[in-house]
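Read the structure below first, then the notes.
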């Protein structure tokens, strides 16, 4: 990291403090500044997951949506929230800073949660209670009540997206990437970011879910509202310690300009004079920037340099071309993680319904089915510090490298664990249906004589997969991306989650349509005990294996850009 002298104190080049003055080394940044970000993540994720983990039951039992629609609405809500992280990352890189984007986004989420709290508290804004257990006698939410619901939900979604697109990058920017110590601290930050994310999730799926089930949803939404408000206060308390990256303009403009310039030059007819001029311009450019040279990868983009001869707006520097190459080479890795997140989406919805049919008592306490994620969360809380303080130091000694385990190796482990998770889920569903059949309860709503702890097995594997993949992706995109595109690139981690949820919502109707057209009953109908959820899980397992082989193809060919990423 280059520094400039500011009096007797060196300043961070390209960074400012919260007053828009020069950020100074020793006063701004470091682990203290990042600690505020970690505390904020606990509160922010608590507010988010407190509702998301139980939302499918809220829509089904209080808004009277069908099982299929409530599941679809939840996956769409989650997907939209994560996809909007791209917008937050783009705005942070292009026009604002991660500091400003977080404050705006958290305020938007706060407003959305207030609306949801008001609706849950006022019966006039809710559909009337069902007159009987028959679904036909239940009035599904509609009209202005539905509008109130979805405005609140998608304000929350917009706020979550902005937070996810800015907060991880804001924390990672606090470290000096020019030193081994700074890079190691940044790696530790990403591990503990996932740890703190899990801390918030633990409170959400235990304490807040219990409140929602026993005290009412107005209390659940109220806790989330207070939590996001506290996150804003904690974030502001750290303002004097942060160093905020100064935006350098739209990264999308750079990408579009390079791609367009390369396309125009490639498609235009080349005369001998054009070739001469191009070589002349390129030689002149190389004289100005002797330390930079075009690489041999994605050579089709090298033609963007020639675009300077005819189009002033399309003039590209070597650095811009190389930056776009880096982004394009990361996209296949991004694409290979979508399937894992599709598996995560399926288990986060159907596993809740499975657990609702099983015996959820531990001693004399009846565990809410929405609290099932407590199992992977607890495991992630144990695994994250173990990974950072035991596994990584050991790996550094063995590999003699700064990073120990590469980002791509870490992501690969996560993909393998997701395959195991889906196989376990299929076997557990077979066991659950066998118990239902033997007890004569296939068509009954009575609790099955089988403990819900069986469901915990698939959650443990998927939670481990999520830990390895999410932390690996966040650090991979941040360290490999050009500095002007880091927030946007880091947002790809959340965009992968979004596309996984969208793929999940698309797969269910497709599978039902295909199985129905084959003369069978739809695999995923309304009656869970008559479904073929086990076959659906096996299908997901097979697709995950194919996806992993696809990942290996790209991971083996990827060449790291950043210092400290190579093992």
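Cβ coordinates are placed from backbone N, Cα and C, and glycine is handled just like the others.
Annotated range for transmembrane segment in Swiss-Prot, selecting from 189-209, 252-272, 273-293: 189-209. Per Swiss-Prot, the stretch carrying the note transmembrane segment among 301-321, 448-468 is 448-468.
Listed ranges 219-239, 513-533; the one Swiss-Prot annotates as transmembrane segment is 219-239.
Range 99-118 is the one annotated as transmembrane segment, of 99-118, 119-138 (source: Swiss-Prot). Between the transmembrane segment (448-468) and the transmembrane segment (326-346), the number of CB pairs under 8 angstroms, six or more residues apart, is three or more, so the stretches are in contact. When Cβ-Cβ distances under 8 Å to the transmembrane segment (374-394) are tallied for each of 70-92, 189-209, 411-431, 535-555, the top count falls to 189-209. Only pairs six or more apart in sequence are counted, and the transmembrane segment (30-50) with the transmembrane segment (147-167) gives three or more Cβ pairs under 8 Å, enough to call it a contact.
Contact between the transmembrane segment (411-431) and the transmembrane segment (219-239) is not supported: fewer than 3 Cβ pairs lie under 8 Å, counting only residues 6 or more apart in sequence. Of the candidate ranges 70-92, 147-167, 326-346, 535-555, 70-92 contributes the most Cβ pairs within a distance under 8 Å of the transmembrane segment (491-511).
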